[in-house]
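Report on one structure; see the data block that follows.
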Amino acid sequence: MSGPGAQPIGAGRAAPARAISRKAALHALFPQNVTIALSDPQAPQPAPWPEEAEAIRWAVPARAREFAAGRAASRVAMALMGHASRPVPAGPDRAPIWPDGLTGSLSHTSSLCIAALAPLDQVRAIGVDLEDALPVPADLIPDICTLAERAWLACQPEAERGLLAKLIFSAKECAYKCQYPLTRTLFDFNTLEVTPDLDTGQFEATFVRGIGDFNAGACLSGRFVMHDDLIACGMVLARRPRWGLGL
């Protein structure tokens, strides 16, 4: 599997080199007007702000650490953009409520958290998703993948199908996060159909049915990397969208 910034899963490298190349690979998911910051949910993090803490009042410790790491990464990204630190509370739907003038997206695994932020006057929405590079069990693939996606998987080497199904899962999560601020609509895995390009590190997510202002057939474009033990997907909806709207 290849693509800009992609590396073989499990490639052996010294830890500092791996960290540097991973950050570069994640930067490559987004255009220059998107700022990313990373944090480690297993490391000590600043306590969430009071406006944020309500969202994790009853959370288990692991979830509380991930939440704190995401908010800490968000404030690092704000600082990199030249903004003062601001709270990022969770709404009733648990989606982040970004400060005025900003939009963003969060994701994490058990060992890495990412915040991706951009000015709202340049970007309508961002989606990002991180997943551990572990294959999807064969019996779960029909729950995630459409018939067309399963047909595509059947054309790939058998040993890679489970991992590529995880890529499809991640791309759908990424596209879902990107559209959600615009539609506020929940939907299942069969609503989007993903077409990955393993040579370029790009994917398209097509709406199988209309959701909000997105017509059936509307196509969102994103990028992915498969780097060491990580699968990551990123997507941006610019202020001048190129997808079909039902307006």
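Just so it is clear, glycine is given a Cβ too, placed from its N, Cα and C backbone atoms.
Note: TrEMBL annotation is automatic and uncurated.
Feature list (source: TrEMBL):
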DOMAIN    51-118  domain '4'-phosphopantetheinyl transferase N-terminal'
BINDING   ARG63, ARG71, SER107, HIS108, ASP129, GLU173, LYS177  CoA binding site
DOMAIN    125-202  domain '4'-phosphopantetheinyl transferase'
BINDING   ASP129, GLU131  Mg(2+) binding site
Inset, instruction - Specify the count of other C-beta atoms within 10 Å of the C-beta of ARG63 (CoA binding site). - result: 14
Inset, instruction - Quick one: pull the CA-CA distance for HIS108 (CoA binding site) versus GLU131 (Mg(2+) binding site), whole Å only. - result: 7
Inset, instruction - Please work out which residue of ASP129, GLU131, GLU173 has the most C-beta neighbours within 10 angstroms of its C-beta, and give that one of the binding-site residues. - result: ASP129
Inset, instruction - With DSSP as the reference, give the number of residues of the domain '4'-phosphopantetheinyl transferase N-terminal' (51-118) in helix, strand and coil. - result: 26 helix, 15 strand, 27 coil
Legend entry - Segment-level pLDDT (mean, integer) for the domain '4'-phosphopantetheinyl transferase' (125-202): 98
Legend entry - Alpha-carbon distance [GLU131 (Mg(2+) binding site); GLU173 (CoA binding site)] in Å: 10
Inset, instruction - Pop the Cα-Cα gap between GLU131 (Mg(2+) binding site) and ARG63 (CoA binding site) into the table, whole Å please. - result: 16
Inset, instruction - Measure between the Cα atoms of every pair in ARG63, ARG71, SER107, HIS108, ASP129, GLU173, LYS177, the residues the record assigns to CoA, and report the largest value in Å, rounded to a whole number. - result: 20
Legend entry - Neighbour-count leader, CB within 10 A, binding-site residues: ARG71, HIS108, LYS177: ARG71
Legend entry - Number of Cβ atoms other than its own within 10 Å, given for SER107 (CoA binding site): 23
Legend entry - Distance [Cα-Cα, Å, rounded] between LYS177 (CoA binding site) and GLU131 (Mg(2+) binding site): 14
Legend entry - GLU131 (Mg(2+) binding site) and ARG71 (CoA binding site), distance between Cα atoms, whole Å: 19
